[in-house]
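Reviewing the structure listed below.
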């Protein structure tokens with residue numbers, strides 16, 4: 001059995017300082033289910049298909065004598081590709097004590113893919129594994145420079161992988177598509193702007209994609225970017241747990257191409273009737289003038305003036321329910337607080353539940369996550385906050401369940417989405433059920449081989465076959481009649497020749513061949529005769545004389561010699577005077 005210290009020795013190059021050995025030994029001895037190990041780990045999001053991680057304190061200087069290992073696993077039939085977005089590690093010791101090392105595999109059988117160190121190092125190469133497992137090891141010792149590194153990974157079927165630090169200014173194309181890894185909501189990154197106006201070109205592409213609701217921070221995903229001319233001012237907003245900042249004029253901006261399923265579903269416009277909005281309770285009290293101040297569920301319409309909906313009781317069992325009348329594709333939600341300056345009420349966190357019949361409810365969760373999704377709500381009573389559902393919700397009923405609030409539980413709401421069109425597969429054409437012998441014999445007698453069928457084209461018995469009486473089944477026959485009827489009508493050669501006799505068939509075939517041949521022969525003879533006649537007439541004309549035009553003969557000043565010269569010029573024969 002190989003001890004942890006013995007396994008440690010093959011990871012550390014010869015000459016490694018003993019001070020770093022206890023840290024690596026501690027790292028290897030703690031081989032539990034955690035995907036990252038050690039005291040040198042920074043920001044880390046390891047998703048099932050992609051992820052992002054940094055050294056400790058990034059983007060600031062990393063401490064001395066730290067170590068961290070990240071163990072990355074994807075699906076068994078996939079491989080891993082890793083890309084550095086930033087790399088700045090002291091290389092004064094020639095990568096002996098400060099480095100990042102990448103291994104193919106996990107555990108003692110892993111093999112090295114590459115080892116890196118350097119200040120401001122540009123690592124453009126994608127590091128690819130040979131299996132579905134990768135280990136990344138970061139080690140630091142005494143150093144004076146360097147702020148660490150940021151790396152992103154994905155499965156190799158995402159060839160257009162970028163990192164969380166890439167901005168629109170890094171690309172020259174007016175339109176492009178890239179794959180964003182999971183974990184790009186970085187605590188130190190900044191974006192400027194919002195949708196639909198666009199984001200400043202200095203903003204992180206992937207973080208802006210999360211803010212816009214086109215990718216998930218937990219899963220990552222594909223973004224389709226469109227570059228446009230910049231605008232003088234970029235607004236700030238809070239969406240999907242990302243706060244964008246106010247930005248100044250820039251030369252360019254970018255937006256995202258989407259499916260277009262982000263329209264409002266009717267709370268503000270009134271398409272959703274008051275009767276379709278319900279709540280667990282609502283607040284009501286008399287005002288100074290004696291009029292009641294009501295905060296009923298139908299008040300929960302975004303951008304409508306006046307009160308919002310507010311619950312009578314402030315606890316986690318309250319809810320606001322919206323009935324869409326039919327299943328819809330719900331892609332997001334926008335919320336505000338009371339919107340009244342005298343009432344600073346708002347919900348700061350909530351859950352989403354959905355149902356198709358209004359009885360059994362499902363709490364919204366992100367794919368691969370075993371806990372309910374808690375959405376960030378408002379930070380004030382007036383500002384709008386948007387959250388998107390990735391993947392979207394397909395449901396008729398939606399409930400908002402507040403979990404945290406300020407002063408009182410109050411909100412206005414709008415749902416985003418589009419119509420949900422159910423694509424029904426065509427019904428398969430099933431073969432007819434098998435028939436019994438009795439049914440089969442009756443069907444033969446009735447429609448296929450009766451004497452009336454043989455004469456449908458020649459006798460008036462057609463009328464009898466189509467009459468209502470003919471549709472009735474004949475009386476059942478005895479077993480003696482059945483074999484005689486079958487042998488007499490099923491295989492008789494007369495059935496094949498009910499309309500045309502064999503002799504007529506041969507004559508028709510002969511005529512069909514001879515008529516076109518004779519037509520072609522006569523047509524050819526006529527054409528030859530016409531062409532011969534035209535040829536003879538043309539030859540006669542060419543042998544005759546050509547008369548000089550009238551104005552040449554009438555000219556008194558022209559002598560015969562001049563006329564002869566003119567005739568030679570035109571190669572024509574002139575009659576002698």
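Positions of Cβ are set from backbone N, Cα and C atoms, glycine also.
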Q | Annotated stretch (transmembrane segment, per TrEMBL) among the listed ranges 508-531, 532-555 | A | 508-531
(Q) Suppose you had to name the range TrEMBL annotates as region 'Disordered'; which of 464-485, 486-507 would you pick? (A) 464-485
Q | Helix-strand-coil residue split for the domain 'LCCL' (158-254), DSSP-based | A | 11 helix, 36 strand, 50 coil
Q: Would you count the other CB atoms within 10 A of the CB of residue 41 (disulfide bond), including those on all shown protein chains?
A: 20
Q | Arithmetic mean of per-residue pLDDT over the domain 'F5/8 type C' (261-418) | A | 95
Q. Three states by DSSP: which one describes residue 68 (disulfide bond)?
A. strand
